[in-house]
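These notes are about the structure you will find just below.
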Amino acid sequence: MAQLPPGIHFITLFTRDQRYRAFIFVLTFLLYASFHLSRKPISIVKGELHKHCAASTEVELHSYKEYATQSQPVKKLPNESQCGWEPFDKNNYKQLLGALDYSFLCAYAIGMYLSGIIGERLPIRYYLTAGMLASGLFTAMFGFGYFYNVHNLWFYLVAQIANGLVQTTGWPSVVTCIGNWFGKGRRGFIMGIWNSHTSVGNILGSLIAAYWVSSCWGLSFVVPGVIIALMGIICFLFLIEHPKDINCSCTPPSSSRTYMNGTNRFRVQKPNLNTKETSQSQSPEMQQLLSDNENCATSLNINMPVSEENRNGTSPISFLGALRIPGVIEFSLCLLFAKLVSYTFLFWLPLYITNVEHLDAKRAGDLSTLFDVGGIFGGILAGIISDRLEKRASTCGMMLFLAAPTTTGFLGVILKCLMKTCSSVKTKGVATA
């Protein structure tokens, strides 16, 4: 008998369940990375939507009237104005670009609440596929404005609002799927690696958008839109929602295990299939805290009718029920302030680099990826620390505490740049006088 190739021999070292879990781990990683890949282009293209072309001209002119006289005869290119892309080439460009951001984020916040409710009642694969195809459409829609010479602000706002709504299908779906396969209580190191999909998606989105931003910024949106739509098709073809669908065990076999949930410690024992009355008497909130192994065994009882509720193992949890789970409110507040900083960097860091360092949009986009590189290593490091200390909340608080001085450092740079700008304006004023 011929010897197996090294690659095949390596695969045979793992069980069937482990191979499927590894596949779902990688697939969900790529699916959600594509969501962030499609969100990133707007921050890269901002430097192209508004160019600081008037800055060098104003230094040479001695009065605003002279500048206005000389700037009027300049002919515009077919697809853009002298200082960028209308309507973002005006002096109020900051407010207009900010409107793109908060229109997306407001729709995303509202949609996230609705998406969680809807997603629990629909098949994950169909729901996620539809969301990814729609995200691809509305992401590309923003880029179509370049090719069809659209200069109406509402066109771009509607594209952002619609994209924000459909983007909410991603997070609840992938988290539910990964929870079905890996249970609740996986090691922080593994989840730290998996959660780096946001940073990986941001990096890829920055590099793809920066490649076309200076030559044809419409492709900075169309290409990511095509990518996430293709990933939606892959999701439809390959995503397995639950290990029961292919007769895999719901969680790795173990006799019992102790989990931490907030400040309360509880123990999950091997399930007893004869405790039907006990499981029925439990509230949905308590069933949500059970291990996937117990829920899986209960749902496999042949005497129980097959329904979507039994298939998923738990009934959909209510909003108030979710709030009563220990630790939900505390961790939600932590995530609120963490997202406040991360989304500020996500949407504004490339433009900030362009204005401060006077780099073009492509170089600023490439440089902004360093923030997400740090996010990859930081997430994995936090997972390792939480495993060693066995204190998830303390690790979260420590990382947020360390993030404060680094964010303050950016504030110092901004103030220094403002002081430098003010001093240069005063010098010009004295010279003109």
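Note: Cβ is positioned from N, Cα and C throughout, glycine not excepted.
So that you can see what the record holds, here are the features copied from TrEMBL:
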- 20-37: transmembrane segment (TRANSMEM)
- 27-433: domain 'Major facilitator superfamily (MFS) profile' (DOMAIN)
- 96-114: transmembrane segment (TRANSMEM)
- 126-148: transmembrane segment (TRANSMEM)
- 154-182: transmembrane segment (TRANSMEM)
- 194-213: transmembrane segment (TRANSMEM)
- 219-240: transmembrane segment (TRANSMEM)
- 328-349: transmembrane segment (TRANSMEM)
- 369-386: transmembrane segment (TRANSMEM)
- 398-415: transmembrane segment (TRANSMEM)
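Taking pairs at least six residues apart, the transmembrane segment (219-240) and the transmembrane segment (369-386) share fewer than three Cβ pairs below 8 Å and do not count as touching. Between the transmembrane segment (154-182) and the stretches 20-37, 194-213, 328-349, it is 20-37 that has the most C-beta pairs under 8 angstroms. Taken together, the residues of the domain 'Major facilitator superfamily (MFS) profile' (27-433) have an average pLDDT of 75. Listed stretches 20-37, 96-114, 126-148, 194-213, 328-349 were compared with the transmembrane segment (369-386); the greatest number of C-beta pairs under 8 angstroms is found for 194-213. The largest share of C-beta pairs under 8 angstroms with the transmembrane segment (126-148) comes from 20-37, of the ranges 20-37, 96-114, 194-213.
Residues 39, 42, 46, 49-50, 87-88, 90, 153, 156-157, 160-168, 171-172, 319, 343, 347-348, 351 of the same chain sit 6 or more residues outside the transmembrane segment (96-114) yet have a Cβ under 8 Å from a Cβ within it.
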